[in-house]
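Listed in Swiss-Prot for this protein:
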| type | residues | note |
| --- | --- | --- |
| REGION | 1-25 | region 'Disordered' |
| COMPBIAS | 7-25 | compositional bias 'Basic and acidic residues' |
| DOMAIN | 32-353 | domain 'G-alpha' |
| REGION | 35-48 | region 'G1 motif' |
| BINDING | SER47, THR181 | divalent metal cation binding site |
| REGION | 173-181 | region 'G2 motif' |
| REGION | 196-205 | region 'G3 motif' |
| REGION | 265-272 | region 'G4 motif' |
| REGION | 323-328 | region 'G5 motif' |
Amino acid sequence: MGCGMSTEDKEGKARNEEIENQLKRDKMMQRNEIKMLLLGAGESGKSTILKQMKLIHEGGYSRDERESFKEIIYSNTVQSMRVILEAMESLELPLEDARNEYHVQTIFMQPAQIEGDSLPPEVGNAIGALWRDTGVQECFKRSREYQLNDSAKYYFDAIDRIAQPDYLPTDQDVLRSRVKTTGITETTFIIGDLTYRMFDVGGQRSERKKWIHCFENVTTILFLVAISEYDQLLFEDETVNRMQEALTLFDSICNSRWFVKTSIILFLNKIDRFKEKLPVSPMKNYFPDYEGGADYAAACDYILNRFVSLNQAEQKQIYTHFTCATDTTQIRFVMAAVNDIIIQENLRLCGLI
């Protein structure tokens, strides 16, 4: 009886080699694929970051894609003015010019979703006239007392351009457009040798139970906080401070058993609005232990420490950036730094460093 391998042994060895080769291929693919979860409370800027990725890494928006944003922008603009006018009633703030009452009725006659290739001229005129009214301006200054889109002032200031018959949204117009994210959306794009799969989930409370489906094999979490909302209340529950809600959510994510080994990149976002608000809306009114007054650097340090100190795991890395998600130049720079971090984390997770 010979000592050579039997046919069965040879087949077994070939199968083992095939499995090992497949595992190596899978590991190489895993090394080149980044699965990133975008988390954060509602309106923190997650969808804006995804739009920036398209601008920075996919050549931006085509003419047809820009055209498709027109109705969203028209609706955002009209609805924002409607919200202010309704707030004027509840706050008992009058129009400075009674003749603008005609324009108020024009706004209230508009449907929730504005359809068509152009904004009706009477609507553009109404928004322009109302935005110049000091009563509307006074109500806008008190917007922390009601729920108003961040993009309102931007679109109102640009209403003459937006109301043009040949209007085509700019990059900035698109970035500032707002559609509530429901469910889970996946965006894939390539940076160098890496394929990013970014998952955006609805930030409102009712959406959070759906996040669990995204949790497996996540390379990293990108968690966004709108730090400008330190003086605002939740859309879903007007007894809860938005910053407190963000802290609670970050605590649950950072210390979750699902993410024991997952690094977190924390974007403290909307720094432009934050800087504007500090002098007129004291942070100490909402966070009594804050002692930095209107000093921007002190306020940033305070918020940063409030979030980072929630991390209970010594081995978990939290990388922080102060961001303005609508600033493409800044986001390009920040995401380049994030890319370097992710490459290192991915190599570590794959056991290659």
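From the backbone N, Cα and C atoms, a Cβ is placed for every residue, glycine too.
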Surrounding CB atoms that lie within 10 Å of the CB of SER47 (divalent metal cation binding site), all protein chains: 22
Contact set, same chain, for the region 'G4 motif' (265-272): CB under 8 Å, 6 or more residues outside the stretch: 40, 44-45, 49, 150, 220-229, 250, 300, 303-304, 307-308, 318-327, 334, 338, 341
Number of helical, extended and coil residues in the region 'G2 motif' (173-181), per DSSP: 4 helix, 0 strand, 5 coil
Within-chain partners of the region 'G2 motif' (173-181) [C-beta distance under 8 Å, separation at least 6 from its ends]: 42-43, 46-48, 51-52, 55, 61, 66, 69, 72-73, 76, 149-151, 154-155, 158, 162, 200-204, 207, 325-326, 328
Positions whose Cβ lies under 8 angstroms from the region 'G5 motif' (323-328), at least six residues beyond its ends: 45, 48-49, 52, 55-56, 171-172, 175-176, 224, 267-272, 334
Cβ neighbours of THR181 (divalent metal cation binding site) where a neighbour is any other Cβ within 10 Å: 19
Across the region 'G3 motif' (196-205), average pLDDT on the 0 to 100 scale: 76
Coarse DSSP state, helix versus strand versus coil, of SER47 (divalent metal cation binding site): helix
Tally of DSSP helical, extended and coil residues in the region 'G5 motif' (323-328): 1 helix, 0 strand, 5 coil
DSSP residue counts for the region 'G4 motif' (265-272), split into helix, strand and coil: 2 helix, 5 strand, 1 coil
